[in-house]
Amino acid sequence: MTRSRVCQWQQCQFEGQNLATDNVTVIEGETATISCRVRNNDDSVIQLLNPNRQTIYFKDVRPLKDSRFQLVNFSDNELRVSLSNVSLSDEGRYVCQLYTDPPQEAYADITVLVPPGSPIIESREDVVSEGNETELTCTAIGGKPAAYIRWMKGEEELTGETTVEETYDRMFTVTSRVRFSVTKEDDGMPVDCIIDHPAVKDLLAQRHLEVLYKPEVKIVVTYPEGLTREGDNLDLTCIAEGKPHPHQINWLRVDEDVPPHAVVTGSDLYIENLNKSYNGTYRCVASNAVGEAYVDYILYVHDSRAGEGAPQKIDHAVIGGVVAVVMFAILCALIVLGRYFARHKGTYFTHEAKGADDAADADTAIINAEGGHNNTDEKKEYYI
């Protein structure tokens with residue numbers, strides 16, 4: 001009978017035979033269990049051999065003097081043995097053997113996983129200025145198989161360059177480097193080196209970025225509220241934040257000198273009794289070790305009574321609108337009356353029409369008209 005070996009998903013057996021076993025994957029230091037199973041046993045002897053073909057168990061007897069091997073179950077259909085405190089030296093192919101004619105064998109491969117040590121993360125520099133590039137390195141030592149290293153900066157995944165080195169003891173050291181430019185938003189951002197390995201979970205190292213950035217500047221108008229008018233006072237405050245904190249804040253007037261009686265106290269600019277000669281652009285400049293930044297305030301001094309007549313202007317506009325509506329209504333009424341009289345301009349009255357209702361014909365009507373026919377020369381017409 002021809003026997004062909006079938007291995008799928010860590011299960012190996014021979015077609016057409018009674019003997020079967022399973023591959024085993026175990027983490028170093030844990031316990032592996034090898035099971036030799038027989039479907040239909042005809043009282044044949046089952047034994048288990050190590051990778052060196054030494055007998056570990058013959059039936060339920062252990063000839064090998066290694067107390068880490070313990071019998072878990074023995075019957076006509078199964079020999080099950082455990083191996084505790086597994087080490088890398090225990091890795092290899094174990095043999096389940098059934099004494100039939102011819103003998104049958106099935107193979108169980110024990111694979112030992114070795115978790116790497118805690119990752120070590122290092123940076124090229126402890127502090128970096130915004131706009132510059134930084135480099136981080138993460139190393140995972142002593143794993144089997146080789147670990148896979150991922151990088152995360154906050155919620156963003158980064159792509160690193162990975163090198164793998166195999167050591168003399170069949171284990172691996174993995175190193176990954178990542179480079180990226182930083183912004184001020186990266187200050188305090190966590191960068192994680194995450195280790196993916198079948199022997200361990202949730203293994204990572206973390207480093208928080210420290211980023212220096214130039215100041216961010218804004219001007220707050222403390223006084224006045226609303227328009228700046230002649231005779232008012234002006235009080236401006238310059239607020240600057242940066243890392244390191246700005247060591248210098250200066251006020252200046254673009255293209256002109258600051259008014260002689262203006263008072264600068266730290267980040268505050270104070271000018272009394274404004275007039276239009278003070279109009280211009282006032283600039284606050286803040287600087288630190290990284291650089292400098294500035295923001296401008298444009299001063300325009302209005303007349304002393306600017307804005308006070310606004311309500312009266314609104315009232316005049318309302319009155320003008322009402323007058324316009326009334327005039328428009330009058331004009332419309334005149335147009336309607338004119339059209340009405342135009343339609344009735346052909347209607348008039350004469351005395352010759354009197355008595356016409358009782359006349360038999362037109363001649364009689366004229367004779368019967370008031371005043372008779374003799375009055376026709378005095379006929380008058382009235383037009384409306």
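Using N, Cα and C of the backbone, Cβ positions are placed for all residues, glycine too.
Features of the protein shown, as given by TrEMBL:
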- 28-111: domain 'Ig-like' (DOMAIN)
- 115-210: domain 'Ig-like' (DOMAIN)
- 215-296: domain 'Ig-like' (DOMAIN)
- 317-337: transmembrane segment (TRANSMEM)
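Confidence for the domain 'Ig-like' (215-296), expressed as mean pLDDT, is 94. Taking DSSP states H, G and I as helix and E and B as strand, the domain 'Ig-like' (215-296) has 3 helix, 47 strand, 32 coil.
Here the domain 'Ig-like' (115-210) is broken down by DSSP into helix, strand and coil counts: 3 helix, 60 strand, 33 coil. DSSP assignment over the domain 'Ig-like' (28-111) gives 3 helix, 43 strand, 38 coil.
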